[in-house]
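J.: Starting off with a structure, shown below.
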Amino acid sequence: MDQLWIDLAAVLAAASPLVIAAMGETLSERAGVINLSLDGTMLLAAMTGFAVALTTGNLLLGFAAAALVGAAVAAVLGLFSLTLGQSQTAVGFVLALLCTDLSSFLGAPFVRVPGPAVPFTPIPVLADVPVVGTLFFRHDPVIYASFLIIPATAYLLYGTRLGLIVRALGERPAAVYARGVDVTRWRYALLIAGGALVGIAGAAFSLDLKQGWSYRHTFGAGWIVLAIVIFGGWRPWRVALGCYLFAALEIVATRSQSALPNIPTQIVQVAPFVLMIFVLALVNLASSPAAMRRVATLPQIWQRPLLGAINRLRATAPAALGQPFERP
Amino acid sequence: MHIAVENLTKRFGPVCANDRLTVSFAAGQIHGVLGENGAGKSTLMKLLSGYIQPDEGRIVFNDAPRRLRGPGDALAAGVGMVQQEPLDIPAFTVLENLLCAAPPGVFRSRRAAQTALLELAGRLGFPVDPAARLDQLTIGQRQQVEIMRLLLCGAQVLILDEPTTGITAAQARALFAALRQIAAEGRTVLFVSHKLEEVAELCHTVTVLRNGHVVPPGQLPMPQPQEYLLSLMFGESGAAPPIYRPLPAIDAPPVWELRHVTARSGALHLVDLNHRFAAGRIIGLAGLDGSGQQVLLRLLAGQQAPDHGQVLVNGRDLTGAGSIAFRQAGVEYLPADRLHDGMIGALSLADHFALLQRNGLLVDRRRAEELARQAIAEYQIKATPVTPIASLSGGNQQRAMLALIPSTARGILAEQPTRGLDVASARAIWSRLQARRDDGCCIIFSSPDLDEIMEYSDEVIVCFAGRIGPPIPRALLSASRLAELIGGVGFDALVDVVR
Amino acid sequence: MRTDRLKLAANLTRPLLALVAAFALTTLALLSTGVSPLEAYRLVLFGAFSTPVRLSDMIMLAAPLLLCAVGLSITFAGGLYNLGVEGQMIAGAIAAMVPLRLWPDWPPLLLWLLAGLSGAAGGALWALLIGALRRYANVSEIFAGLGMNFLASGLALYMVLGPWRRQTSASLSGTDLLPRDLWLPTIDRLRLAPAAPVIALLALAIVWWALTKTRWGLEVRAVGLNPAAAGRLGVAAFRRMAETLAACGALAGIAGMLQVVAVHHALIPNISSGIGLLGLLVALLARADPRWLLPIAVAFASFTVGSIQLPLTLGIDSAIAGVLQGALVLFALVARARVR
């Protein structure tokens, strides 16, 4: 039984960079901007964070540098898409590839160099509480931060006036403009804040979860996060759940290795992403008009729970996601 | 608050939408702003509420000139505008929408906002549920929410742009009562309309706009003789009285026939529709936004398959065949949003004619350009065959869309065919559609503008809450009766009488 | 007249500025490593043309790259971001292996033809799955494509380590090499198989003709610009979308087949080696205008081949080619922005 809690704690730890990046992406997509550069941004930030922490010997500086890189890439995306009106998808994709290659090029001297890492810091007293202590209080600061950022994002979006503006930016920017808010400036702010979080997530790889730096160090985590944000329906708790499910799947996949020696590791590693897209497709299929019509023909007793479940699972994108805003 | 404009001028390209307007609106009154479509009413209101900036002249609030850089500036200065489709956030609840980007210090807490909202709602007689989502409300209810939001955010001047379009008769009565209350509390109300009766019923003063000018200069006190106001709005000639035409007897097979059709769209449920739409007439679909007109048009265009029942086109059963089969059977669909779903902005008229070619591996460009040239001459489109459609004016785009209808079309479905057009363009479009009708087409159109429906329909079908009424000959219908019917007053009796 | 001249000047300066900006960014990256940028540029820009061997390598990279970019210019014209091109290439390579492994004794010419057909079919099928996901399950083609990429690379790994593993022992370095007579014939002592560039150029010509001259091409462009309006005018919009995906997938599949029979002579896990994504950059830069595809594909291929010498000669990473390619596309996007 104890092993189960330790495994679950490992899942929580393994998901920490995903959670931080996913919250960043949720913020900017809620404000209506898709940051498709995530994968490249995380790599470049991971490399920079590691390099800075290694050369200065200061972990905090490493994280700050990573955040700065993430914010800077987001600002470039903002400049090209929000100000200069280019497609967010195209610019984001090009930035993803460009940053990936930049990280490989600039990071070459740091490949497999041993470097600093965030220290393990169990929280006194709390760490000794059975189960809860194992799950939540025997980690390091980055993982604690990943725990805190979920309720923080949820509170920001659903509990504050600021959150109302953020959500309205993604739903109907014209309405926010009519209320006297500068849509473009606010979208920049959220895009950059989200980018900084993505940068920190990158450093969470290189300074914590997968300490060190190597070529394409994060193994496509950015693309995974983009899919998880859709999977989570742009709602922080669900997005976080998606991250944990993904991490759990990966750990189960690695563990099952010994049970199924015929299947190579690498195949198992691609499974979670494919599974995620598959589930997303199933959910969307279930909530399509055709399926709804089918549900409507079922007996009443079945309809209500079924519709309830579908509505719960259904993920509606912010109405203005990815669309440029023009002053009316 | 007292507001005034002095020599206010706004040009859009060569068109002078507002030409040196000078007029002032006193506090504590309801001011009508009257004028036909394209007279410059909307431009003036957008200038006053900061959505656009004047080329010349100035705006004066309480004797102090103001420069408005955006609607936020205007609201901070105390001017709020209610758009025809309220600028709210559909995914939000009423309360969230109220709190979103509210001026600092107005609401100290959610609870305070809710109390203030309910108190104001009680005073104005608007029923409101703060926890309801806006996308579940009707346009009329959203309009009420928007009015209350603007007042709570400190608006001293309320501008309403054609507010009775798309709301029920009961909602219009409630709105008028509330506006009187708002004015009685010392605020200024600007009521923009092209409907004389409403202005006569509600307003203390009236300002008439024609071709970007105020005629005669300055405000007029109400009441004024109706004929006088009409002559001001339309010039000396006045509006031509509509000509009624006896309907031809139905001998040809109907263009469309619906047999026991059931369909749904969102919450809307259309049950057991049995209709025959005959050739050679124009049928107007009247009803509030989302009462079933769109679903009916989609069914007739083949864009939506019925859940049950059959759809026949020219006597052929095309149930579930898809819009392309409907098109091949002679059904043409003209959407309201011309550039969004009507035509391809980046392509030219010649390209569009080339797209209509159905044979051959290669594009016959010479033939396409020839057809485009013919269409340009015949429909008086201001363009060359190779001009991108997006750079044409709205009226020319609509003409181009009409020109693209093949001569073999038997049924034309038009969603708001004159949306956003000036009067002259609208008349030109209608004369084209009437010519098509005389050639034997059946034309079904929807419009939120009851005047347009009354003027151009041979028969009117009223849609109310997903129920589709029987066709009523235009001659048997009055404007006030139609307005009642779309609000549901007497709708049941109408359906029963025909049965 | 004056405005015309100004417009012309703007039309010329913008791309020039983009070029300068891209090289400035790349130079900055080079300077940070302490090597001489000039020396590095000499290798990256001209290294591919320095020896016949390198030139032939460049052509063998440019051929599949051009095939992918040509395919992608179809999907771009149809308004789709086909990020799944990488997976389509892998699927094509796997499908091409099937006849080669089943009937190795058949005449090579017939086998190559079969491999080409099967590769095209495999790529097209992989692409159609994306279309199905988009149409029926409302998954955007971007994420459907990414998912299919992961799935394809998983499948390739499985084949290499599973059913098609080496006779000696399973190895990540790939399957057993194909029999020599199944290798696409090359020019003496070079790795250049002339058939590859010929196929790519043929594909370019056919697609250019199809997109600009045929009714099908016009309909595809109409769907790409505005699917709703195209549908209203009688174009079978979804069908055209599916066809563009299938066409792109087929071309990527043929590229995958070429990787098998002309370059690696085996199935390796990384058979696509990023060529598909690089093809996306080429297509983005060419703005789906087929005339630009060839020069850009050749330039990008020469950067990649030229940069391979960097680690040995100058001790810096070869990824600088990717930086230059990405920066060029990024700044070209800006150069196209309409100033408002």
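Just so you know, glycine gets a Cβ as well, placed from its N, Cα and C.
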J.: Can you check which of A:219-237, A:238-256 TrEMBL lists as transmembrane segment?
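T.: Of A:219-237, A:238-256, TrEMBL gives transmembrane segment for A:219-237.
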J.: Can you see whether the transmembrane segment (A:144-166) and the transmembrane segment (A:6-24) are touching - at least 3 CB pairs under 8 angstroms, only pairs 6 or more apart in sequence?
T.: yes
J.: Quick test of the contact rule: Cβ under 8 Å, at least six residues beyond the ends. What residues does that give for the transmembrane segment (A:60-82)?
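T.: Contacts with the transmembrane segment (A:60-82): 24, 28, 33, 35, 37, 40-42, 44-46, 48-54, 88, 91-92, 95, 99, 116, 184, 187-188, 191-203, 207, 324-325.
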J.: Using Cβ atoms and a strict cutoff of less than 8 Å, what residues sit near the transmembrane segment (A:89-111) while being 6 or more residues removed from its termini?
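T.: 34-41, 43-44, 46-48, 50-51, 54, 73, 76-77, 80-81, 213-217, 222, 322.
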